[in-house]
Every structure is written in structure tokens, then in C-alpha cells.
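Student: Below you will find the structure I want to go over with you.
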Amino acid sequence: MPARFSLTDEQRRAAASRAEHVFIIAAPGAGKTTIAAERYGVTRFADRDPGRRTIGVSFARSATQEFRIRVQQRWGTRAVGWPHDIKTLDSLHCELVRHLLVTGTLRWPGGHTELKVLDIWRGQRGARYLQPNQGWRRVATLHGRDVTSVGTHITRPGYGIGTKQHFETHLANGLCTHEEIRAVLQAALSRDDLRQVLADYLRNTTRSLIVDEVFDANDLDVDLILLAGKSGLRTTLIGDPWQALYEFRGAQPDLVPQLVKSQGYLSLPVTESFRFATHEMRHIAIELRAGRGVAVEDGSAGEVDVVLAPEWGMLWQSDARVLPLSFGRVDNQTEAGIILLLDQVVTERFDRRAIFAPEAMALLGLEPETVQAEGSSQFRQVLETISHGTPEAMASALNQLRSALKELGSPRQLRTLPGSGEEKQRARLHSLAQRLNQARCIPGMTIHQAKGKEWPTVGVRVQPTQADRIRTGLTESSANDRALYVALTRASESVRFV
Ligand SMILES: Nc1ncnc2c1ncn2[C@@H]1O[C@H](COP(=O)(O)OP(=O)(O)OP(=O)(O)O)[C@@H](O)[C@H]1O
């Protein structure tokens, strides 16, 4: 199937290079995902090596889905049929650990070889939101060939399990999170015998590995790519160091140049960008990348297609025409219920889902099919109540919402929240009520959610200190500056502070 447009010479050279290890570095809109999809097909159909696959990986689920869609549009659905695949790095980790378990190389508690892998522990028995210096948490480790657990100091805030008994019971039930998978894989890679088993597996199953957004890789990912290269896989790394955003997952953009150097990658820069249709945007993109400051004009929410901010809270505090796609992390069942309420509103307004809606349903123990079939009329009544806008209306809407969730089948005890918890939820409902009266709303999302996407006009909402950084110049080594760079380069026509 022909491409919808002709690739440039730079893009074609990058996609079709015969070098075993290729490193493609490209600016926003220069076609990284386009090239990744092209190269996927080139290696997938060129290597007549039945049984050995071409595998494409990326980090976020949304980016992986985009990669898959582009491949299917370009090469047809067969291109990703077995044994070939496009998946997240996290699912490749799971596949490798599964191999170690089914071959008996490692033993999981209870003898499990098929695991249920959660994103986070939240909602599971014994799970708490743990803050640094709050004591110990359990992590998975290897003792000989057995997966077991050990206590460690809490260094990063997040959901975890502090007690040995709860943690090991989950493991013995075949339940874990991606963090346990990463810990086991990391421990396996640090042992020569187990590393060899993984190298053999990669060599026997895979011919070509294509990594999109490689600057989001953490040390484990980089080690795996290194192992893949050493095991004879053709490896392609594609990315932009200015767009590394996954610090929370341990991204270490500095490791990529070391990897590229140590394995003799052929570097192929792709410079021409297709995103920027105006002089204003071309100027902004070039100046920011050169570390120079730019003047971004002020505008109003009414004149942009989307509003981006570093945090969800900043979006809710902005113009009432901005309807954010989430409230952020869901900490309790009432918050989960409010996300489902928001989900109904954003689905109607924008034909897209609220961020964290699936997690909210899981936390409430609700079946997505039931919520879809029966939730709408229940949530409509709650929305009708909050539209009155009074504090009393918000309080009674919360009770109404809790009853609705019970009726939809939530097995959870939906209680009134202690302390200022209830007030916080009323404030959320009030913010949502303000949006319901608007004739037109503009979607709002965090910069992380906007990565890899583009709109004609983009509104950016930042703190005064961040606006100063944009005026004086950004640096690639600062995670905060990189996020600002990603936000400002999402627009094809214009960007405004809102
Ligand atoms: N050779 C080309 N001719 C015309 N349009 C192109 C070409 N290559 C890519 N594009 C278009 O440019 C846009 C950006 O491409 P793509 O999303 O692949 O870039 P990207 O580098 O992954 O962007 P980002 O860095 O923002 O994630 C897309 O709309 C794509 O269809």
C-alpha cells in the first residue's frame, strides 16, 4: 500500500537503512512515528526468516497504539500478525519473565507461570499510599532461582505494600505489578546464567527490534536493548532527547548516547519538520531548541483547540470553558465516581474518554459493560443536581452519586470522607458544574497526555516561573524545561498563554 505522502530523502534513508543498528534522532513533527512505521514494514517483510519476528515497542500505551495504527494503515493488518508484534516495553518485560517461569529457569511463589500484572497496587489488600521516610515497603527479588520479597526504604511516593504477609500472599496468588516484573527482570539480567537464557530467547524469537521514543527508556530498558543488540537482533532507536518526559518511570535520557556509542549505531538525523505551518511556529520551535527564549502571546481559551498544563489542577483553575479530561490520580472511591461522572460529560462533548476512567471502574469493582449500559441515566441525574450550583446541591449530588455506584453493582463501601475530603469532592463537582453551562468547551489535558499529538492552535497554562523560563530559554537537561518544550511544539499554527 503506498504511503499517503512521499517520504523525504532523509526519512527514506532512515527507514530503509541496511545497517544493523540505527539511531534516528528527529525534531517534533519530523516524522518519528512515520519512520518507525515505515521501518517496521521494511524489516518485517524484507527478512525472510520465518518464526523470527519484527517487534515494535514504545513506552506509553497511547504511543504504542498510535505506532500500531500507523503500521496497519501503511502495511495492512497482517503486518502485526503473529509472530510480529507492537507492544509496550512493559509487556515485553512481562513476556521475558514469563519465559523464565515457563521454562522453569525461575520459580514464582505458588509455582505460577501465568501472572496477573497490575499497573499499581492501589485497591489491593494491604496497599497504602506510601511517602518517603514512612518506613519500609516490600519489593520483589531473587533468592537463587526463587522469586521472593525483601523490605526496602521508601524513596519515592506511591502505592505500595508495607507488610511481608500481604505482599507474599499476593505473589503466591500470582498477582503483582509491573514494578515486581521489572525488579525480577533486573535481578535476572544481573546474573550471567540468567542473562544468557534471556539472550538466547531474544535471538531465537526476534530478528528486529524497533524502539520509538527511546529517550523515555529507563536503565532496565537500556540494558535490554543492549542485550538485544549483542544477541544479534537488528535494533532501531528513534527519539528526540528534548521530548523525554517519563522521569516518574525512571527515564534516563543520558544513557541513550552511551548505548549508541558503545554499540556503534549509525546515527541518522531527520531535520525537516512537517508540523509547523506558520512562520510563528517555525520560529518558536527553532529558537527553543537552540536554547533561546521566545515571546509567546497571551490569548483566550476561546481561540484555541486545546489547553495544556503541567498539572490537572491548573486546568481546573483556568477559564470555565476549559473542560479537563481528568482530575488526576484517583485516591478513593468517591474520586473514582466523580471521574465516571466526568467521563460521561467528556464523552458527550468530545467523543473521547476521561483519563483514568478504566482505573476508576476497577477501583469501584464495576464492570465496564454495566456502566456503559446503565450508568448514563444515573449519572445524568447527578449532573442535573450539580447544575443548580449551590453548596447544598453539591452535597446531595455526592450522596446521589454514591447510591448510583451502589446500584451499578459496586461492592465497595462508599462512605463519607473524613477531614476535608468531602469538601474537596464538593469543590470538584462545583468546577464540573461551571463547565456544564458553557455552550462550547475546549478539552484540557496535561502535557504528558499531549505527547506525540498535534493541534492547529494550542493554549498553554504555566506557572509564572515557567513562563519566565520560556522567555529566557530552555535547557535540554531539565525535565521541567523539556515538558514546556513538548507543550509549545504541539501546535501547527499558533500557541498562546491562556
Ligand atoms: N514526508 C512527509 N510529507 C508530509 N507529511 C509528513 C511527512 N512525514 C510526516 N508527515 C506528517 O507530519 C506529521 C508529524 O509526523 P509524526 O507524528 O510521525 O512526527 P513525530 O516526529 O512522531 O512528531 P512528535 O515529535 O511530535 O511526536 C504527521 O501528520 C505526519 O503525517
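Using the three backbone atoms N, Cα and C, a Cβ is placed for every residue, glycine included.
Straight from TrEMBL, here's the annotation block:
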DOMAIN    5-277  domain 'UvrD-like helicase ATP-binding'
BINDING   Ala26, Ala27, Pro28, Gly29, Ala30, Gly31, Lys32, Thr33  ATP binding site
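Explain the structural surroundings of these features, please.
Tutor: The Cβ of Pro28 (ATP binding site) has Asp240, Trp242, Gln243, Ser273, Arg275, Ala285, Val486, Thr489, Arg490 as same-chain neighbours under 8 Å, each 6 or more residues away in sequence.
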Student: Is Pro28 (ATP binding site) helix, strand or coil when read with DSSP?
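Tutor: Note: Pro28 (ATP binding site) is coil by DSSP, not helix or strand.
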Student: With the Cβ atom as the reference point and anything under 6 Å counting, tell me which of the binding-site residues (Ala27, Pro28, Ala30) are near ligand 1.
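Tutor: Cβ < 6 Å from ligand 1, in sequence order: Pro28, Ala30.
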Student: Give me the sequence-ordered set of same-chain residues, not including Ala26, Ala27, Pro28, Gly29, Ala30, Gly31, Lys32, Thr33, with a C-beta within 8 angstroms of the centroid of the ATP site's C-beta atoms.
Tutor: Thr34, Ile35, Asp240, Val270, Ser273, Phe274, Arg275
Student: Quick one: mean pLDDT on the domain 'UvrD-like helicase ATP-binding' (5-277)?
Tutor: 93
